[in-house]
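**Q** The structure follows.
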Amino acid sequence: MAVNLELLDYDAIARRESEKRYGKWWTLAGAVLVALVWLVPFYYLAVSVFKTQTEYASGLPLALPNSLTPIIGNAVEAWTRAKMDIGMLNSAFYGVVGAGVAVLFAAMASFGLTRLNFRGKDMWFMIIFAGTIFPFQMYLIPLFFAYQKVGILNTHLGMLLFYIAICIPFPTLVLKNFMNGLSREMDEAARMDGANEFTVFWRIVLPNAWGPVTATFLLQFTWIWNDLLFSTVLGNRAETRSVMNSLQVFQGSYSSSGPNLVLTAALLASIPSIFLFFVLRKHFMEGMKVSAL
Amino acid sequence: MNEISQKDQAILARIGVNEVEKRDRRRQKRDFGVALLFMSPALLMVCGLLLAPVFYNVYLSFTNWRKFTGLDELIGFANYERMLGNPFFGEALTNTAIWVVASIVFPIAVGLGLALFLRDVRFSNTFKNIIFIPRILAPTAVGVLWFYVYAPQGLLNRGLSAVSGQQVDIGWLYQDNTVTPAIIATFVWQTVGLVMVLILLGLAAIPKDPVEAAQIDGASRFQTFRHVVLPLLTPTLLVVTILSVLAGFTVFDLLWVMGASYPGQRSLSLAVYMYFEAFQKGSWAYGSAVAVIIGLVVLSVTWVQAALQQRVDRMVR
């Protein structure tokens, strides 16, 4: 049976194929509508930070700003009034040191749990992992009380100690699973050559686990950066406040002085996590997946 | 019998099995010491700063500790009995129950809907990324942003005025009947992106063969989804549901930031109620008891998840 190629309606075939692949045009329209609804708050944020206070109060919330320059004044004012410099420095310190030390401790524990031979490994792991099963509310009162007794309430040290502890269990789970899959031949070779266990950990296992180590570090850093609850309870002084706590305090005390200033502060506080997300997107997505499953 | 075992022992001694065993045991002991050294920082931090507080919290809930007295005065279940008659506790419990139901229904309904809808649309990746974006922001920043969206002169009221043609003046975050739904809407806006991504991963893992077989047998799209895709997606949906229930049950940041101007803020959820009682009123023991209740609920949800997970695993196998 010969097909007369000239009688075929190529446009119709292409259209049918494309519809089969992507659905009708109205599905695209629906998706655009959903996306617009999702983005409106962001658009509102974006135009608000470019407005002066009078402009914000008098105009429509979604109107475009008259000029782009007010953002500089807004940023400076929000930065100084919300004491963002101290908040940012504190959070960066808590995040980098806290998550760094926590992931190091977690890696050491995982090394012990996977590369050495002893009984009752599951029990030891469960003790560490038990740190994730209780809700945060159960830590607050005893910690507040104990910190007060020891004298580390509202200090950088106290905040840091807690952040290290809370960031240990989850990386231990991830790194233990990862190290279980690493080949043990290199360890044995190094041991034959007279390396001690710490050298094996530091020179051989840790460099091989670099991928999950960075992924868990980033996740824990973001957790600490975003934390509001523990900063409110354990470090609620101007000198020790985290950036999110500063933001919340600023919103509470300056709600009369113009939403655009508070929104600018919210944007400033979010820049590091947005930046990290886009720069390290792949790591992050992997981290999110492991954190959820 | 005896003779054989003697002979065996002789052979074993000759090839040195006993020695090997002994060396093995010695090595295990040494390894355990080294492993303990490696685990000790993690163990110390977790036990000292997380597990010990949990036990101490349970102890506190049975004392009469308030302000500066009563720390060593055990009063049994009196703190728990006090909850039963407290109207704020009742309201907080009701609101928490609303949060739990909402965080089962909405993330699944919206997340699954979006996942199925955006999977085959043109430019599907762009749309998925847009839905995911709110997730990168801190809950505090999201709370601040939506606080102004819901403000009396805010974006939402202005928008409704423009659409309806008359002045709309709803105090979304000031009224009893709107404050919880409004904050839940924000919660869904922020968290549903991750739910969608997880469901998409689950959908991608479903084998093609049964789906195609159903289509060849003449099943409609809905039938295929209902009887082939949905059962295979159940494990994913289960994990996602439990995750969002635990997140919704213990949510604090959003309620703290967005509920700041609501007169009844303390009864927005058990987590906020516990904070008020302990850190603002100084009823430490009573606050500990509320924390224990929160802990019991979280543990039982985790336990139900483990049980269901086992059943689903068996079904799939």
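Please read every residue number as a count from 1 along the shown chain.
Note that Cβ sites are derived from N, Cα and C of the backbone, with glycine treated the same way.
A TrEMBL annotation is a machine prediction, not a hand-curated record.
Pulled these features from TrEMBL for this protein:
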TRANSMEM  B:32-56  transmembrane segment
DOMAIN    B:93-305  domain 'ABC transmembrane type-1'
TRANSMEM  B:97-118  transmembrane segment
TRANSMEM  B:130-151  transmembrane segment
TRANSMEM  B:182-207  transmembrane segment
TRANSMEM  B:228-252  transmembrane segment
TRANSMEM  B:284-308  transmembrane segment
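Burial and contacts for the listed features, if you can.
**A** Sequence-distant contacts of the transmembrane segment (B:32-56) (same chain, six or more residues past either end, CB-CB distance under 8 Å): 295.
Only residues 6 or more beyond the boundaries of the transmembrane segment (B:130-151), in the same chain, are considered here, and those with a CB under 8 A from a CB of the stretch are 114, 118, 157, 172-173, 182, 186, 189-194, 196-197, 251, 253-254, 256-258, 260.
Remote same-chain partners of the transmembrane segment (B:182-207), defined as residues 6 or more beyond its termini with a Cβ less than 8 Å from a stretch Cβ, comprise 98-99, 102-103, 106-108, 110-112, 114-116, 118-119, 128, 131-135, 137, 139, 142-143, 146, 150, 172-173, 229, 232-233, 235-237, 239-240, 244, 247-248, 251, 254-255, 258-259, 268.
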**Q** Below 8 angstroms Cβ to Cβ, which residues of this chain, lying six or more residues outside the transmembrane segment (B:97-118), approach it?
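**A** Residues 124, 127-128, 131, 180, 184, 187-188, 191-192, 195-196, 198-200, 203, 225, 237, 240-241, 244-245, 247-249, 251, 269.
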